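Annotated in TrEMBL:
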type: BINDING; residues: Leu112, Gly116, His117, Leu118, Glu239; note: (6S)-5,6,7,8-tetrahydrofolate binding site
type: DOMAIN; residues: 2-379; note: domain 'Serine hydroxymethyltransferase-like'
type: MOD_RES; residues: Lys223; note: N6-(pyridoxal phosphate)lysine
type: SITE; residues: His222; note: site 'Plays an important role in substrate specificity'
Amino acid sequence: MRDKLVEKLIKGEEKRQREGLELIPSENYVSEDVLKANGSVFTNKYSEGYPGRRYYGGQEFTDQVERLAIERACKLFKCKFANVQPHAGAPANVATYFALMEPGDTIMGMDLSHGGHLTHGHPVTYISKIFRFIRYKMKNIETGEIDYDEMLRVAMAEKPKIIMAGFSAYTRELDYAKFSEIAKKVGALAIADMAHIAGLIAGKAVKNPFDYGFDVILTTTHKTLRGPRGGLILTRDSEEIAKKIDKSVFPGFQGGPIMNTIAAKAICFGEALTPAFKKYAEQIIKNSRSMAKVFLNNKIRLIGGGTDNHCVLADIFGSLGVTGKEGQTVLDEVGITLNMNMIADDPRKPMDPSGIRFGTPAITTRGFREKECKRVAELMILTLKNKDNKKVKDSVHKEIKALAKKFPIPKKFV
Ligand SMILES: Cc1ncc(COP(=O)(O)O)c(C=O)c1O
């Protein structure tokens, strides 16, 4: 690289990823093929429009690669229509809201403090000024059970146009049949934002909302799906809905698609269609359950009482007197990256909440199994309990580095 300054920063990030353990549940390591496609000459190309209907010439290969990505996405998630152009998860969500609602219409989504995402209607977002958001919550924080009765009651009264199932910090499986039933009763569309668990759905390790009558699925292509950073909108079978979504993504909301990322998405979907990916998805859950078990054995409260997916949410302030921010910082010092997180009905503030959120997609990509995950969880707890003890922290850091060395980041998976 001729720009030595940027090259140095890239090398630094490579080293950080190589030597530390990545436990942020929304992060992963992509294959060399995904990286190559993302850095390919498709970067140079403008392709506003859709395959066969572009506003620029020279689309022989872009049309083919976008069609391939669409075809693979539909096969992977069992649906008829896919829009592979959203630049990321948030634009996919916003474009879908504009496609299927009018300003002032109502969406029902999971409360942010109970696991929902900012794009499901937090007041700091612009969309909350345009659409009306109402919320549902857990009935029981200790088991993660959603309050479906209350959801039905509120939905009957407020008549939302969309009922959104999906989350960024929730550890149990949603009852999609109940969501669908409630949506039908009130005349709403059932939409799932599966950004976090798309890889688990693709690998059939958890349920697919389309099997329970969902109309649309929104997702990112990074996280558990292990592709490039990007968004994806899937429509089960309604051509009318798919057409509205296409129009909303372009020209409604975005300009030209990022073709290099679409090529990388096509590779990611191809990888996710293999038997090896199915095993990977299953192992992610086995690994997060083995970590959750260590926390529970150490009497550390977990929101939802455990996990059915890639993610664990621990109330470390309530259980150990260590704040989320302190936990995040001290674990960073020993080479474990994760994030502080609000817990349901958190008495503390978002910038220093009670919880930490961690997950296993990235370490599972490295080849970790239950045994290594159990050890990582033990080391996390040891560090949290000895956050001011340099000797303990140095020794943990040494062991984490050794584990990272023993399990190098792979370049290919199939
Ligand atoms: C459920 C959910 N939806 C949407 C997004 C937004 O995705 P992006 O950061 O790619 O815009 C996220 C990101 O974490 C998410 O968890």
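Heads up, the Cβ atoms here are built off N, Cα and C, so glycines get one too.
Where the annotation comes from TrEMBL, it is an automatic prediction and has not been curated.
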Cα-Cα distance, maximum over Leu112, Gly116, His117, Leu118, Glu239, record's (6S)-5,6,7,8-tetrahydrofolate binders, Å: 32
Entries of His117, His222, Glu239 (recorded positions) sitting next to ligand 1, with Cβ under 6 Å as the cut-off: His117
The one of Leu112, Leu118 whose CB sees the fewest other CB atoms within 10 Å, among these binding-site residues: Leu118
Rounded inter-Cα distance in Å - His222 (site 'Plays an important role in substrate specificity'), Glu239 ((6S)-5,6,7,8-tetrahydrofolate binding site): 26
Gly116, Leu118, Glu239 screened against Lys223 (N6-(pyridoxal phosphate)lysine), Cα within 10 Å - retained binding-site residues: none
Site of maximum Cβ density within 10 Å, from recorded positions His117, His222, Lys223: Lys223
For Gly116 ((6S)-5,6,7,8-tetrahydrofolate binding site), nearby residues of its own chain (Cβ under 8 Å, 6 or more apart in sequence): Gly109, Met110, Arg135, Gly166, Phe167, Ser168, Tyr170
Segment confidence, the domain 'Serine hydroxymethyltransferase-like' (2-379), expressed as mean pLDDT: 97
Glu239 ((6S)-5,6,7,8-tetrahydrofolate binding site): tally of other CB atoms within 10 A of its CB: 10
